[in-house]
């Protein structure tokens with residue numbers, strides 16, 4: 001490898017330069033672009049000698065900030081890389097003190113920023129690499145990547161014993177040292193964490209495994225043997241086994257082992273402090289960001305009257321309480337870091353505040369979907385307001401990001417605590433609390449995500465139109481107490497259907513999703529009065545289930561997604577049924593009709609012509625939907641989200657005209673189309689089982705039609721002989737009679753008239769045809785006109801015959 005490739009590898013190994021996602025064709029160009037802003041250089045010097053960098057711009061946005069970072073690196077090199085290397089007393093006196101100085105005048109800051117004389121920059125880094133390799137700096141770990149923010153120096157690094165520093169000096173002398181079985185004092189280490197190999201030459205192990213080190217290399221990777229397998233592993237994942245713990249080997253050898261002072265304990269302590277300081281700094285930064293969002297944007301917006309008070313409350317949520325809580329948390333962590341390391345209880349601090357934190361963040365996440373809805377509806381006004389307050393364009397994005405910070409911060413806690421645990425001593429008093437805190441934060445983060453998803457779905461249901469909705473608007477039911485997606489199984493049926501249950505103060509609403517998940521379909525409502533909730537034990541047929549029963553409700557089995565969802569439903573329903581039983585004891589069953597099947601009742605608003613009708617179920621107070629054969633089902637058959645469209649079989653019976661419609665039914669239908677179709681259904685005659693017509697029946701029906709036609713003609717003649725007033729009255733009577741008997745007259749008319757007569761039967765009309773008044777009226781108007789023409793022809797022929 002050339003010098004540029006070696007330098008890139010060195011920086012990536014130290015963790016100060018991110019590894020590129022693809023192969024680098026020009027290492028020197030990649031290195032020049034990476035070093036231009038000076039951030040990587042400052043990270044490098046801080047990695048080698050923590051506390052050296054005093055001021056750094058993590059994300060420089062101007063030329064001056066980039067040059068400031070580069071000059072800070074050069075200043076740190078000139079001030080700090082004068083290292084006194086003290087050798088053990090056994091060494092010759094002339095080697096007691098050696099001074100190595102890296103000149104800071106090797107390259108100029110402007111040269112690096114402008115891309116000039118990059119060879120000088122590269123030469124300086126190569127020299128720095130060689131110097132630090134000789135004295136053993138920066139080779140302790142490659143797994144822990146420091147924060148991009150400034151990391152302060154700690155006393156634990158400055159107070160390392162002379163013996164430890166001497167051991168680091170000799171670490172370079174023992175690199176590439178092959179330790180064979182003849183080694184007398186072979187280095188033995190014990191795994192502190194689990195490690196899974198990602199390459200073939202790496203060694204996998206579990207926590208607690210004892211590994212025999214066969215080679216110590218710079219860069220943080222050692223070679224060792226475990227259970228007959230040899231491979232490379234990260235050195236900061238293990239700790240050296242003390243002399244009292246080492247197994248006695250009967251074999252002897254001549255090769256030396258590394259100095260006894262070479263231990264990772266001091267390194268882990270230093271990184272523990274680094275991680276803890278990082279937690280404190282990021283926590284303080286997060287608290288300041290919340291204060292900025294409140295003081296700069298939300299509080300002025302509250303007094304500007306640009307939005308209603310309700311929308312302002314949605315945007316604010318409980319952000320004020322969270323901000324106050326985070327300030328208190330920062331103070332608690334600062335007090336904790338002032339204690340000696342052995343007495344620091346960071347995990348205990350988080351555990352003590354977890355109940356309060358859980359309440360605050362769950363409340364915030366439940367309100368967040370409503371806040372997003374306000375942001376969407378008033379994006380223009382809010383964007384303009386934010387920009388007037390100094391926010392960068394687009395201003396709405398600044399507010400959206402600010403309102404998302406609480407749950408974004410919540411997701412980071414498990415990772416931060418995991419890193420703290422990695423660099424903690426095995427027998428630290430706070431280790432168990434750290435582990436409990438990690439589990440608590442993971443659980444809280446999952447709950448917050450679930451609450452957000454549920455509230456987003458709830459908001460969608462309350463704001464969008466629901467297909468086949470019956471009764472008053474959904475907003476009149478009150479606030480949603482609880483909702484989730486469940487599986488519903490009715491008594492006597494083995495089929496389970498996905499449903500969305502929404503619990504309101506007095507009603508349990510049941511919805512299903514459309515096949516394309518584009519909306520929701522109304523399935524029914526159950527009154528909470530008289531409802532009995534029974535929690536069921538898990539079995540082979542159901543898990544996390546409860547049962548709904550009652551005097552007016554047929555037994556329903558509800559299966560929840562998890563145990564937490566089950567507990568929430570049982571508690572809310574039991575509490576709700578007690579409240580409604582005391583406060584609202586009399587609720588009429590028919591006031592909350594329930595459709596247990598995805599039925600499409602014959603109402604003017606229904607648009608599902610080919611849907612399968614629902615059966616009659618008095619226990620749920622469903623509408624009397626007839627089956628295909630005219631007989632109601634006796635058992636409930638739960639269908640899918642939407643019933644499939646199945647074509648009806650055709651037979652000769654389809655040519656048979658339907659029974660005539662009673663005029664009272666038509667008048668009732670025209671009177672009020674918005675009411676429930678129960679009244680109209682009662683007026684319709686029940687269909688008898690269909691059978692093929694015989695010749696005798698056809699002749700009888702034809703003769704009856706002829707007699708009725710003669711009666712009509714006589715009435716017409718009588719009307720012509722009376723006064724104008726009487727003729728007008730009889731004309732109305734004739735039209736009503738014609739309306740009532742048009743199906744019979746249609747049998748002797750032409751085929752097209754017979755086809756139109758079949759369409760006139762209300763019992764055979766599809767629901768979509770009944771949805772429009774104009775279509776319904778046009779059918780009867782056409783019949784009256786055609787029947788009137790036929791009767792007038794018959795009348796003329798009769799008069800001519802009499803004459």
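Each Cβ is built from the backbone N, Cα and C atoms, and glycine gets one as well.
Between 123, 484, 518, 551, Swiss-Prot assigns phosphoserine to 518; no such entry appears for the others, which is not proof they lack it. Of the candidates 257, 676, Swiss-Prot marks one as phosphoserine, and that one is 257. Cross-referencing 539, 627, 694 with Swiss-Prot, the residue annotated as phosphoserine turns out to be 694.
Mean model confidence of the domain 'DH' (271-451) amounts to 90 (pLDDT, 0 to 100 scale). Here the domain 'SH3' (184-243) is broken down by DSSP into helix, strand and coil counts: 3 helix, 29 strand, 28 coil.
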